[in-house]
Amino acid sequence: MEQTFLMVKPDGVERGLIGEIIARIERKGFVIREMKMMQVTEELAQAHYAEHAEKPFFGELVTFLTSGPVVALRVEGEDVVTVSRMMIGKTKPTEALPGTIRGDFANTMSENVIHGSDSVESAERELGLWFQGQPLNV
């Protein structure tokens, strides 16, 4: 069964949206195999956003991700990467449709409540970063 990495970002945690986001995931029929609330280190944030390391907004991404606790999730289900991305919505709040998590809750490009892996390969990489040394198949 396919797995993906989802993360409730610091703004989502601060605004009390964890329960709403988890409920949406579970209502879709997906199973949360693992979940942890944690304070992200600068090293983990840099590794997570490594693909953006040369971009001018990289520092802002790292600062935001380390600004408060996050909830990291290992989620399993059929076609979970693609379906969860549709549930999340577009990165830009103005482009995210109502009914998507970002369409309903995002404020800005960076304060967009949630992260979700954009491919099976990204999911494997991100799950390895966030749940180190733990098996991908539960």
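For all residues, glycine too, the Cβ spot is worked out from N, Cα and C.
Look at Swiss-Prot and you will find H115 tagged as active site, pros-phosphohistidine intermediate. Sequence annotations record features per position, and here Swiss-Prot assigns ATP binding site to K9, F57, R85, T91, R102, N112.
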Length of the line joining the Cα atoms of R102 (ATP binding site) and H115 (active site, pros-phosphohistidine intermediate), in Å: 10
Among the ATP-binding set K9, F57, R85, T91, R102, N112, as the record gives it, the longest Cα-Cα distance in Å: 22
Spatial neighbours of H115 (active site, pros-phosphohistidine intermediate) among the binding-site residues F57, R85, T91 [C-alpha, 10 Å]: R85, T91
Tertiary neighbours of K9 (ATP binding site) (same chain, Cβ under 8 Å, six or more apart): F64, L65, V70, E111, N112, V113, I114, H115
In three-state DSSP terms, the structure that R102 (ATP binding site) belongs to: helix
Three-state secondary structure, K9 (ATP binding site) (per DSSP): coil
Residues satisfying Cβ distance under 8 Å from F57 (ATP binding site), sequence separation of at least 6: S110
DSSP state at the residue listed as 'active site, pros-phosphohistidine intermediate', helix/strand/coil: strand
Fewest other C-beta atoms within 10 angstroms, as judged across R85, R102, H115, which are the recorded positions: R85
Residue with minimal Cβ packing [other Cβ atoms within 10 Å] among the binding-site residues T91, N112: T91
